[in-house]
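See structure below.
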């Protein structure tokens, strides 16, 4: 990818979407496979009383990797960031090229994975009496048996809808700030501070998420985070008037402090909720099939996020109405109407912003979710792990978690 990325994704010109989709698909399959293994590994590596710390390990490691792969990457390859903060000459490019960045971290991944593979020794449970390995077909059959549990189906609905209340502000707000004139690089700088907080925060909140009832804290924080979404909306609404002067963008220093406080508070609440949720997953997972359970719960959660994110973006676009500044009858709803507006010396301006409508609807759904599932989740976290285990007829060992099943 590094060798060809500049041809597939040029600075100017049309990207090669077909090959990029294929490459990202392959990389994500490999990454997801490692993710499944590590989830199961954490459940079998840690003592039963410490299994809640698996979410802390996950929530520290993943943000660190995301920080290197997204925020650092965006800033280091940005020419504007290089010119603004390192006084480089225009046209000099970023501090590092996309090609070099991919080479460096591709090599780093190979080295780190090799070190783990060579020096980390695990017990080979396949050598134990009465144990056999599960093949792919058997593993999917196991997954189907898990899905047939009534509590799993109810939990799946809860997980797939839990982020609806926050999706509009999380997915669209930063785009609205950029549209208003806030620099993408400056938002990334604020985001980098958020990742530093994410690396430190688990140290202080681990005692809450590793307890027997982590979802109690999730439910306590949920209404506060829903209400905090309104501050995001207020920030978006007043941003144009705060950063524009005489039609020109001039972002005052105090605005960055306001923006940072809103973003950091929102991310801290979000991160704390994720920590408690992943700790909940660990406590529900049958350690005999740790990787399968964790993968299933994470799939429900992230599938709900992706679906709600897609729907929200579509709804914002659908409920946003524009009109030409020189002709109120021109709705600017098609490319031809937009070109006609430009030809007459006008510009398409927003007459009704769908962002505020969708945020309001999302918040209502979020509070409905809270009152519907609050008591259900409280009940589920009070159940012992035996209520989440499936009955089997013979002992089996699952290679992904290196564990051996005893007769149920």
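Each residue, glycine too, has its Cβ placed from N, Cα and C.
Note that the structure is predicted; figures quoted are calculated from it, not measured.
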Quick one: which of 186-205, 206-225 does TrEMBL have down as transmembrane segment?
186-205
Leading contact stretch, 56-77, 226-243, 255-281, 293-313 vs the transmembrane segment (20-44) - CB distance under 8 Å:
293-313
Folded-back contacts onto the transmembrane segment (149-166), same chain, C-beta under 8 angstroms, at least six residues removed:
222, 225-226, 229, 270, 277, 284, 296-297, 300-301, 303-305, 307-308, 362-363, 365-367, 369-370, 373, 376-377, 380, 383, 387-388, 390
State the non-local partners of the transmembrane segment (293-313) in its own chain: residues 6+ outside its ends, Cβ under 8 Å from one of its Cβ atoms.
36, 39-40, 43, 143, 146-147, 152, 155-156, 159-164, 167-168, 171-172, 277, 281-282, 284-286, 358, 362, 388
At an 8 Å Cβ cut-off, counting only pairs 6 or more apart in sequence, do the transmembrane segment (186-205) and the transmembrane segment (354-373) clear the bar of 3 or more pairs?
no
